[in-house]
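Novice: Taken from TrEMBL, the feature domain 'FZ' applies to 29-148. According to TrEMBL, the disulfide bond annotation covers Cys110-Cys134. Positions annotated as domain 'Peptidase M14' by TrEMBL: 174-490. Per TrEMBL, the feature active site, proton donor/acceptor maps to Glu460.
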Amino acid sequence: DVPSLEVFKARLDRALTSYFSYVHLLFIAKCVDIALSSCTDVAYTQMMYPNFLDQKSREVIEYSSEYILISVLHNLLQGECNPDLRLLGCSVLAPQCEKDKVIKPCRHVCENLKKNCLPAFDAIDMAWPYFLDCDRFFAGEEEGCFDPLAKLRGEVDVEEDLPSDLPGTFIQFKHHSYSQMVSMLKKTASKCSHIATTYSIGRSFEGKDLFVIEFSTKPGHHELLKPEFKYIGNMHGNEVVGKELLIYLAQYLCSEYLLGNPRIQTLINNTRIHLLPSLNPDGYELAAEEGAGYNGWVIGRQTAQNLDLNRNFPDLTSEAYRRAGIRGARLDHIPIPQSYWWGKVAPETKAVMKWLRSIPFVLSASLHGGELVVTYPYDYSRHPMEEKMFSPTPDEKMFKMLAKAYADAHPVISDRSELRCGGNFVKRGGIINGAEWYSFTGGMADFNYLHTNCFEVTVEVGCEKFPLEEELFTIWHENRDALLNYMEMVHRGIKGIVSDKFGNPIKNARISVRGIQHDVTTAADGDYWRLLPPGTYIISAQAVGYSRVMKRVTLPAKMKRAGRVDFVLRPVEAWPNKLLRRSMEDMYDPYDPLELFDPHAQHGQPEARGGSPPGREKPWWWSYFSSLDLHKPLWLLKQH
């Protein structure tokens, strides 16, 4: 059929419009500063009009359904895949411009994101947006594309170049931005690649990787009988000293190992060390905007979701108090109550909990700021109405020994002067039971102790939360030996392997200490570690289907290495202790949302949050676009 004159004119008009838009891009368009409020945090500063959708001005873009979508995706998907999707959308709506030339975003970035995030769109019955068509608006690397998500991985705003003649042991005592921190950790791991590696335990609410640097003789792998240790910093975003200390510590461990420092070599050769400098990088960015020297107590403390991470963990302490009076009940490996998941749980919190499940940590410390003291569990009072009440764990002696290991090696904390930062704690030796200082629930230290094998203390490393850079050198030297001394405490107590008579390791066997109502369990290889102060103990090992074996152990006061205590268990046909069997077999709840959580995809596999119920023409999210009259996004409707 021959098209009518009107159809021919319309086609000609569209063709001419496309042609002149292309000519405009090639010869007339210039780079301009990005003024779109939802795209101001991209990794570049200039864009070009018209964009890839032929939108010719800021006003046209801001009133478009495409722009509204990237602005509300965070809410529609409940944080899933964001800010990744928003930044990807910005790379199309506000294309990167350099020297008056547009650079297309990389196709492989789009394809990877679509693969991971398409289930989130399916869950709300939404089609994949047409302007995120990976073939149409994106380019291959051979065409010179850019990665719009590079900023999330710390690949931009890198550390400034330092003079080449500096010694290998040089540490720059400065505040590090998120990307500078990531760059420094990667450089350090590369410098000591035979003993170090970096990895991410997940992502923050705003999509930043929670980077860890690990030191071990076999990086990336658990080694039999080698204890696992971790330091966590910057849990509160405005308490930055812990973050910087761990960045300096990473550099120090690397350089001193290479120089042959016997203390550092012994530590790394016999310990697997994990350093997580910033658990709250989103909060840090807010605090950093205020600048160093601002001793703020609010701005940046919480996450981008306005959550205090040290109040966001499950309250297992209340359950421990309830169990304490029940004969035979254990105060360890308490499962997470289902009611916990009804509240708002930060992705950072979930990432830590998943991390604790994946590695058999023995000892840990969280570095905070605002005081100068070491606190230890419990942090939640035995009587909730009592804000300051001594509330010890069954391992009170061991926790005091651990806290003193840090405090006594810190020249200021151990100073007897009361007219200084932390002077209120001088008579206590610079340490205090957490609940006796002030009680709070949902803390990370209590969760470590009651849900896993890990013992954790909290170190308040200074009264100034965000000190000036010129103070950092002194702070490092005050804390360096204390950091090392505390790490070495992971080798106190006993360790060993639990196996059957054929030498096969037994996983999840319980190691009990008579008189201490708190057990530890064996790891996948049958190895275990039990922190204990000097003394004589009756130790027993038992597992489902095996008989109990008991041994008497004496740990001398001067012994600084874990004593080796192995157990060989024999099978039994009957299992008499039903309470113990249930607690060992059902260590974690059969329905456990944490098992389904993918920390690197922000919120794991999404559950259905809506869709189009029978008889309803439009899905629930359609109301977000109600302000658009003639340009509603029909392309988001699957049936369309």
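The backbone N, Cα and C atoms fix where each Cβ goes, glycine too.
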Novice: Return only the integer: C-alpha distance in Å from the residue listed as 'active site, proton donor/acceptor' to Cys134 (disulfide bond).
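Specialist: With the alpha carbons as reference points, the distance is 48 Å.
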Novice: Could you work out which of the disulfide-bonded residues (Cys110, Cys134) has its C-beta surrounded by the smallest number of other C-beta atoms within 10 A?
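Specialist: The disulfide-bonded residues Cys110, Cys134 were compared, and Cys134 has the fewest Cβ atoms within 10 Å.
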Novice: Using DSSP, what is the helix/strand/coil residue split across the domain 'FZ' (29-148)?
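Specialist: For the domain 'FZ' (29-148), the helix, strand and coil counts are 53 helix, 17 strand, 50 coil.
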Novice: How many other Cβ atoms sit within 10 Å of the Cβ of Glu460 (active site, proton donor/acceptor)?
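Specialist: So the number of other Cβ atoms within 10 Å of Glu460 (active site, proton donor/acceptor) is 25.
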